[in-house]
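Below: one structure, written as C-alpha cells.
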Amino acid sequence: MRTLSGRDLAAAIRAQAEAEAAAGPQPRLAVVVATADEASLWYVRSIAKAAAGVGIACDVVDLGPDASPDQIGETLSRLSADPNVHGLIMQTPLPAGASAQELAAAIDPRKDVDGANPLSLGRLAAGLPAFAPATAAAVMALLDHYEVELPGRRAVVVGRSTVVGKPLAHLLLDRHATVTVAHSRTRDLASVTSTADVLVAAAGRAGLIGAGHVAPGAVVIDVGTNPTDDGGLTGDVDFEAVSPVAGALTPVPGGVGPVTTALLLRHTARAANLP
Ligand code: NAP
C-alpha cells in the first residue's frame, strides 16, 4: 500500500503561490470569522501563518460568535468591494441562524478563493472557469500528483456537502470518471464504496470506512478531519484496517489538509493577478 502524503505537493504549490504573489501587487486575503470554535480559530491562524510564509498579506476580521447575519453579510460585501482585498473567505461554523449559503452569495466570485459563493459552484458544474472549494481542488491535485488515472474509472464520493462532496463530484465528472455520490441515507454503504477504483471519504465520521468498504487495490482519499480525545486529528478511514486492502491511501493528518491550505494561497495569488 502506497501512502499518499500531501506534504511535498503542498510545498510545491506554496512555492508556486509565492512566485505568483511576487509577480504582481502583494495579494491580500481577508478571512471573516464569527465563531469561538477553537478548531476553527486554530485553522484560521494556520492560514494566516502560511500566507505570511509566501508573501500574502492576511487580515482576520473577527466579528465574534454573537455576530448577526446582517453584520456578516455587510462585512463580506464591504470586503468584496475593497480593491485592496484579492481573496475573501468566510470561515465556518457561523452563529446559529446564519446561512453559509445565503451569506456566501455576498462574496465577489473573482475573490471567492474557497469557492463558497453558489455562483462559483454553478459555474463549476457548468464547466466554466471558477475557483473550486480548496478541499475539493486538493483532492484533484493529489490524484494528479500521484498520476491516478480517472477516465472511465469508478469514483465514489462519500459526502454531499457544498464545500466538498458536490464540487468534487463535478471535478471528477469533468475528468471523465464515472461518479457516484453517497451520503447518510445511502443504503448499504459498503456495497457502494467497494465498487470504487477511487474512493473519497468526506463524511466527517471517524473510522467510517473500514476494510469491508474498500475494493482491493483502490485509491482512497481521506478528507475527514475528526478531533481525537488527545487533541489530534483522525480521518474517516480506519487507516490500520484499510492499509492492507487499498492500493494507496492518504494519511490524516498530512494528506488532503496541507494541500488545501496551499491551494487557498495559490488561488489568492491568482485572484490578485486576474486581469
Ligand atoms: P458536512 O457538511 O457535515 O457533510 C458531511 C457529509 O457526509 C454529508 O453529506 C452527510 O450526509 C455525509 N455523511 C455523514 N455521515 C455519513 C454516514 N454515516 N454515511 C455516509 N455519509 C455520511 O461535512 P464537510 O464540511 O463536507 O466535511 C466533511 C469532512 O471533511 C469533515 O471531517 C471535515 O472536517 C473535513 N474537511 C477537511 C478539510 C481539509 O482540508 N482536510 C476541509 C474541509 C472539510 P447527509 O448529506 O445525508 O447529511
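Every residue gets a Cβ built from N, Cα and C, even glycine.
What TrEMBL says about a protein is an automatic prediction, not a curated fact.
Record features (TrEMBL):
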type	residues	note
DOMAIN	4-114	domain 'Tetrahydrofolate dehydrogenase/cyclohydrolase catalytic'
DOMAIN	133-272	domain 'Tetrahydrofolate dehydrogenase/cyclohydrolase NAD(P)-binding'
BINDING	G159, R160, S161, T225	NADP(+) binding site
Which of S161, T225, the listed binding-site residues, has fewest other Cβ atoms within 10 Å: S161
Those residues of the chain, 6+ apart, with a Cβ under 8 Å from that of G159 (NADP(+) binding site): G165, V181, A182, H183, V200, A201, A202, A203, G204, V223
In the chain carrying R160 (NADP(+) binding site), residues 6 or more apart in sequence that have Cβ under 8 angstroms from it: K166, A169, V181, H183
Among G159, R160, S161, T225, the record's NADP(+) binders - longest CA distance, Å: 16
